[in-house]
Amino acid sequence: MGSERMEMRKRQMSVQQESVAGTTAPAQNEQPGQGNRGSNACCFCWCCCCSCSCLTVRNEDRDERNRRASYDFKAEGNADFEESTKPTAEEVCLWGQSFDKLMQCPAGRSAFRQFLRTEFSEENMLFWLACEEFSKETNKSLIEEKARIIYEDYISILSPKEVSLDSRVREVINRNMLEPTSHTFDDAQLQIFTLMQRDSYPRFMNSSVYKSLLKTVSEQSVET
């Protein structure tokens, strides 16, 4: 009898141990799942934060592009508007007298810009126009922003629209950029003006663009 009781107790204990093992095993199996959920939650939070940061950067880039596009429109829009003006025969004749008279006339600047485009040097006129617009700015914060944009667009060696300036003028601009004013690019604007006057202007006067325009306005003047 004693041995039978001992045997029954052993069986009961064995059954209890198996039942306990059976109940604890799922709990142990669930722990990795819980850990994964925690990890996933952390990953989810990290991804959300990363997404928010990326969104913020994209918004800032978009705002910067909008500001640049707005300023580029002002700098280049003058020339685009000038293309719609029709010069008189007298004005076209005056262009041949001096480069100053050509640049003083909106229609003259427009025709000259079209010619520069054929010579792949339109950036000289765009830079000159940007400097003209910039020199009229009086707001200090806008002066700093516009000076940076002009520098990146026309002075930086990384820009596809970089204008040709000597080392002395570049050094002056770099010093001026430490505390920009409306006169930051005066020396550079003058040098580009001189470059266009010496190199591009004579070719423009002998070009088919100018001769054709002069013929057209002269004929229209006779008809009227």
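The backbone N, Cα and C atoms fix where each Cβ goes, and this holds for glycine too.
A quick note: this is a predicted structure, and the numbers were derived from the prediction, not measured.
Some features that TrEMBL has for this protein:
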- 1-32: region 'Disordered' (REGION)
- 1-10: compositional bias 'Basic and acidic residues' (COMPBIAS)
- 13-32: compositional bias 'Polar residues' (COMPBIAS)
- 98-214: domain 'RGS' (DOMAIN)
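Mapped onto DSSP classes, the domain 'RGS' (98-214) shows 85 helix, 0 strand, 32 coil.
Looking at the domain 'RGS' (98-214) alone, the prediction's average pLDDT is 97.
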